[in-house]
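Colleague: Taken from TrEMBL, the feature pyridoxal 5'-phosphate binding site applies to B:97, B:98, B:126, B:127, B:128, B:129, B:195, B:198, B:220, B:250, B:276. The annotation N6-(pyridoxal phosphate)lysine is assigned in TrEMBL to B:221.
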């Protein structure tokens, strides 16, 4: 056993979160793609079976009340709240991240002081945020200003209505300064909208503490909600009364079953709803969140940084000089829970790595992406991934 | 056995669709709320179990390709297509009905000739369509003109950009003249958007034959997709190239995994997508659609009319004079697949009826609603429902 393998073993033995791995369905694959699709918590299939056979099959329509279907969006939102540092009553679950970006960006322009016509958008954003923000801008008479997050403070001004930023860059794994940038946005009198897809469940977000205005995120990455599970929308309590949704569907009505022709928005998080909640996916997500019982996000963050540090160390030790370049920052304050490595022949390399049982993913054209989910990834996984990556890179090209 | 009970027995014996009931999980309840939540097809839980344990649990991220997750929205759209009279390639599944109404109404205003500023909306529409159309109008600079469907021809004019209409009224069960109204909308040079929530799966729609422009519908009523299962959007092939979505999420991009900052829409039905497809709900819906194999919608319509005729006949025979008034039209050409009865004390009456094992629903303040799903409701169900309704109405008020 090499020195790094011994260290991995010792780190795993000392890891207080290590037993959580047993809560998930995993095999001997090293699964480093939980930042794309989280692994299956073992107990979810049995829960869904009950939802299907008893709640839908036997109770049918009664389940909207008796099985708590109707209130699921806010109930599950309140389960996500502590993970992202929000008090209860501010998060609603439903729709896709893209749809929630639309709600948030349009609503942000309506919360902003009148006469401001610019929306700053992270120039390196996950594309959907940019596409949707562009549509929101077109429909509200604003213009999009693409700007690297570091340059946001300089780009802010009296024309800025809102800024749409990613907490962690999906490609590089760079963690952006949510407290500092939010404060800068506020100093300019604008509204801060954060996309938490790549941070929620991996590190502390502190939505309330940092006075974020609006936020969105998906639940199928570090929250393990299942493929395409519903996203969520956070509207800070102080903005709820003025939150003016561009998608005022019937379930966000103050009295939805009155079915009145005129729209009157509900108070609170409910106002962020649109249509009928997607129950099967939503309740799979709710069950998945059970793995968080008793788990603090600070402990998750500590393990995440230890894991990515160790992986980077193993890569440096094993991989032939010059074959890969980390694009994820070395500084902890700037690192999310993934390691992205630039690699000239990334596509065949990732293919060969997956064939050897290490599942990461590729961001075209040249980024190998390794996501570390602290709930189920261990240090031996990190060592093995780096070792097999080195093997692949040492092999003659196909 | 009464005469009506004997007739019910004979009608059930002669019913070629009667064996389909065995495909569903039902008990001795008379379930007449399939127009709100369709019953569970028996085989769906086993299919979802496989999706959860094998596709998500074992294959994980590989399932986007290997299990056909990525292409599910259009594949399932093509399963719905024959049920609503559409050729393949025009329907995409995803999001809620409300979100699809937003896409369709905004896109309709962009397809309409320039300079038109009115959107006609069914004045009796299911509320969400009206709320969302109002938001779409606000964001596109149009104004909403509420109009009863029968008055649409008179309300159409050179200012009409689009008309948003319900095929079957959710409250009264009235079937509107989709071919005639669509032709009238076209004669005025406008775009016809139809909401099929209460017709798809219960009667022929003929989207292609009647040259409908855009349509939306839910899948949890007569299509039995499960609680809050994803809705669908139909964009007629001739409009696809000009379809300009207000929600251009990344999965509707021509090359989504290139993750380019600029949006370039995909061709075809894919363009109607928004975010990551909601796989669990979507694949439950796909499995549910298996009950349609070999079933023609014309046979379903014939049984639906026979069922609602028979129910109305039983109500007339059993229920004390003057206690209920049908608001569903007697004429077949104007009737969907539900019977709505006006009843002064509708709320306690429905409560008492449900307690006796007949599940319909209530539309406040005074409508008792009975939905007839021809795939699993029989004539004996109709007779029993009318008989127990009469019992409830004859009992002294609580």
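Every residue, even glycine, has its Cβ placed from backbone N, Cα and C.
TrEMBL annotations: computationally assigned, not manually curated.
Please situate the listed features within the shown structure.
Modeller: Using a 10 Å Cβ-Cβ cutoff, residue B:97 (pyridoxal 5'-phosphate binding site) registers 29 neighbours.
According to its DSSP assignment, residue B:221 (N6-(pyridoxal phosphate)lysine) is coil.
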Colleague: Which whole-number value in Å describes the distance between the Cα atoms of residue B:221 (N6-(pyridoxal phosphate)lysine) and residue B:126 (pyridoxal 5'-phosphate binding site)?
Modeller: 14
Colleague: Does DSSP give residue B:97 (pyridoxal 5'-phosphate binding site) helix, strand or coil?
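Modeller: SS state of residue B:97 (pyridoxal 5'-phosphate binding site) = helix.
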Colleague: Counting other Cβ atoms within 10 Å of each residue's Cβ, which of the binding-site residues B:128, B:276 comes out lowest?
Modeller: B:276
Colleague: Output the one of B:126, B:220 that, of all these binding-site residues, has the highest number of other Cβ atoms within 10 Å of its Cβ.
Modeller: B:220
Colleague: Under 8 Å between C-beta atoms and at least six apart in sequence, can you list the same-chain neighbours of residue B:195 (pyridoxal 5'-phosphate binding site), or say none if there are none?
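Modeller: Non-local contacts for residue B:195 (pyridoxal 5'-phosphate binding site): B:97, B:101, B:125, B:126, B:129, B:164, B:165, B:166, B:167, B:215, B:216, B:217.
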Colleague: Give the three-state DSSP assignment (helix, strand or coil) for residue B:276 (pyridoxal 5'-phosphate binding site).
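Modeller: DSSP call for residue B:276 (pyridoxal 5'-phosphate binding site): coil, neither helix nor strand.
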